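J.: Below you'll find the structure I mean.
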């Protein structure tokens, strides 16, 4: 009744089949078909003979096409039967992203295509599909490039060796990767092909470790009696006993169940015929009896029993069998689970699957974005230093306000000092804002802080240095511009100057905010391995405050601040010789500008180079601000604090004054009086007094020389008082005494009276008493007149010095103080005296 075919040769197989049909008895069914090529040809032609074919070893997916092979059945699951099992495994471990690697063979390509259809719509992505003919390394490399972690392979044993060698070279093995390949390879399959590859055995085994094989279950593991009355274990024992040393086939259980399928099919057909038509029997079947052929076909589809291979059920001619999962562990395959296609259930044996890592591999590189934030201990330390700096600034502010009426503090412009302190405290405050990032504030708040901290630091810088430079400009205006008219430079004008500098800052900042405001941007860096060893990758991200034209705006701000620093350096250099310490801060300004400039340049460069290290960047920025603010405040206020406690009067006096004790007292009183009127007038008066003293000392020396010459002239026989009229005009041009308000006209009157009492003699006249000519008769010659004039001019000048604070005409010694003369008149300090032509 049955025809058995096990030929794999196409010609021989087909010839045997046709000979059996032609010369043999009528066959009810065809049992067999192992090789796919012969089986497919026979199965396609069975429709013409009404013969049902049952195969126990043909697993090719091509035979699942019921339109082409409507009379074909098989007790062995198809190669495609593993795909639902793979789907269940993927869902079990929540793998939703896979890649396929397929050998260019029809059998494997069909399985891959069916797998694509199974995964489609199941929320599982096939991220990459690669195929190869002989060299799989290129495909393996592409899979790695596409970050495929779960690889579904379809290839034979020979190609499997090459695949795992390439995987070892590409480091696609271990805890981050999972290979799922066919499980029907022979035992120790790699040993047969290791020599054909260039891979070392230990490397190959390292790459193979942990792969999962998927194949049908040759025998059921359930301890239940089958339709034959034996359990699968009893059957296997009896089978092994009968085959003795013969070669075992994994299809023997399916062949055994196949016989039972045919028997049960014929039994159901006979029952059907007995129930419906008592006159027709199965022996009446022939190749043209389509009715009986249809009965056999329907009876085959109704098959359902428990066999040695599990539950035997057909669905569209395909066996709904059991799929097993094995894992390669320590050079051997270990069963780790099975899939029941009938119940659509997956059972994983407890603790049998061993993954290389602490957990199953991820289906892709899990990228966990991690914000690079500022360390809380670092922020706390720098905040503490900042608070100390603000306390110091507050102490300076208290000192400045408390001693604002002290002469030393008043001459140094206490209002400007307050602005310097305010600017320093604003700079300190910006440090707190620079340390706040996404770990402390929200994204919206961080974007607001980007603008606020820029404004605070910019305004603080300009306030501090603007006030410092404004003070220096006033000193420069008083001492360096000698042609400047008497004019009071009050603090209000300095405030206007500082306000102008701040106005420029505000214009720049407002334009910046309106045209191209600062935004929160996130910079992503290269992925890094997880420090805890988890199968994830850390992608560091860093928040920045940036805009479209960041370079342009920073260039404008830096250029303006640089010009401000250069202006300060210029003023410090110009006023370096002003010898009143309370007024002249040029030395400390120079030191401050130098330190701030160097630190800002170094800080900006290092901050740019460490922009990917927020802790280092914040530390550098904070230390630069703290250093610059602290050094500036200390250079401005510490010298004043020391001087005020040690010698407060010395700082307000000119270092060049070398007066006698009485003159020092007088100048001190004058200076104190003027200071109370106006600080700027006091400073200018101090300089004029110094110059006046130097000139008076010079005059005293000339007086001494004049007395010596006069004593020598007393031995001359005759004297003359004749001076040409135009020589008196020359005298007026030589001596110029200006800017006297009360005594100006009186002094001119004294000069006029003197000329009236001593009228000038006409050039060339002769004294009538002189009748004889002696050796000095030419005393009125131009040479003698010029000589006498050079002696008399200092005498005349000496006579007028008391009116301008000079020495008395009766002073006989240059060592006597001018103030000792009773004719000495003290000139009010409000008069400005300029002596020229001496």
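Glycine is no exception: its Cβ is also placed from the backbone N, Cα and C atoms.
Curation plays no part in TrEMBL annotations; they are all automatic predictions.
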J.: If you look at how TrEMBL annotates this chain, which of 598-628, 629-659, 660-690 comes out as region 'Disordered'?
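T.: Per TrEMBL, the stretch marked region 'Disordered' is 660-690.
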J.: If TrEMBL is the reference, give me the range from 724-751, 752-779, 780-807 marked as region 'Disordered'.
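T.: Of 724-751, 752-779, 780-807, TrEMBL gives region 'Disordered' for 752-779.
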J.: What average pLDDT is reported by the model for the domain 'G-protein coupled receptors family 3 profile' (378-660)?
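T.: Here the mean pLDDT over the domain 'G-protein coupled receptors family 3 profile' (378-660) amounts to 79.
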J.: For the transmembrane segment (452-473), which stretch among 494-515, 552-573, 593-609 has the most Cβ pairs under 8 A?
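T.: If we count Cβ pairs closer than 8 Å to the transmembrane segment (452-473), 494-515 scores highest.
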J.: Residues sitting near the transmembrane segment (494-515): Cβ under 8 Å, six or more positions beyond its termini, same chain?
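T.: For the transmembrane segment (494-515), the nonlocal Cβ contacts are 413, 415-416, 419, 451, 454-455, 458-459, 462-463, 466-467, 470-471, 473-474, 553, 556-557, 560, 564.
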